[in-house]
Structure formats: structure tokens, C-alpha cells
Amino acid sequence: MSSGGLLLLLGLLTLWEVLTPVSSTDRPEFCELPEDSGPCKGLFHVFYYNSDQNQCLEFIYGGCYGNANNFKAIEECKRTCAA
């Protein structure tokens with residue numbers, strides 16, 4: 001296969017990966033955790049996955065501790081947790 005064909009195949013596989021939603025069986029367990037602002041007093045606008053509403057929602061993160069269900073960008077939250 002030519003290098004152009006391999007590049008096209010790689011591009012198509014990457015596109016498929018980005019566009020394929022996460023199924024609930026593939027979703028990481030931390031996506032089920034509740035939002036957790038943590039004890040610090042920062043005001044960081046971040047996102048968490050709300051498993052009851054099946055969507056990523058914004059919340060204010062204090063900047064320390066909290067849990068893994070915490071994303072800087074909604075796209076990252078959707079890619080990781082949303083089905």
C-alpha cells in the first residue's frame with residue numbers, strides 16, 4: 001500500500017474514533033462520580049459528566065482535590081464519558 005493510502009486509512013480511523021460515541025459499558029467508572037468542587041476556594045469553570053442526565057454540565061471547581069470526573073473542556077468530557 002502506498003504512503004498516501006496509509007495516510008488516508010489513518011485519517012479515516014482517527015475520524016471514526018472521534019465520531020464514535022462512548023457506550024455505557026466502555027465508560028470509565030469515574031464518570032459516575034458526582035461533581036466535587038473540593039475544599040479550595042478557586043473559581044475554575046470546568047465540566048463533569050452527569051450520569052442521571054446523560055450529559056456534561058458545567059460547575060465551579062475550587063482547584064484542589066475533588067475527583068476524576070472533572071474536565072477543563074466540554075469536548076473532553078463528552079469524548080470520555082458521554083454515550
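Just so you know, glycine gets a Cβ as well, placed from its N, Cα and C.
Note that the coordinates shown come from a computational prediction; the quantities given were computed from them, not determined experimentally.
The signal peptide annotation in Swiss-Prot covers 1-24.
Per Swiss-Prot, domain 'BPTI/Kunitz inhibitor' is recorded for 31-81, and the stated evidence type is sequence analysis.
For C81 (disulfide bond), the count of additional Cβ atoms within 10 Å of its Cβ stands at 25 [all protein chains shown]. In this structure, C81 (disulfide bond) is part of a helix by DSSP. Feature annotation from Swiss-Prot assigns disulfide bond to C31-C81 (among others).
There are 13 other Cβ atoms within 10 Å of the Cβ belonging to C40 (disulfide bond). In the three-state DSSP scheme, C40 (disulfide bond) is classed as coil. Residues or ranges marked as disulfide bond by Swiss-Prot: C40-C64 (among others).
Under the heading disulfide bond, Swiss-Prot lists C56-C77 (among others). Counting only residues at least six positions away in the same chain, the Cβ atoms of F47, Y48, Y49, N50, F71, I74, C77, K78, C81, A82 sit under 8 Å from the Cβ of C56 (disulfide bond). Classification of C56 (disulfide bond) by DSSP places it within a strand.
Taking the Cβ of C77 (disulfide bond) as centre and 10 Å as the limit, one finds 23 other Cβ atoms among all the protein chains shown. Take the disulfide-bonded residues C31, C64: by the count of other Cβ atoms within 10 Å of each Cβ, the lowest one is C64.
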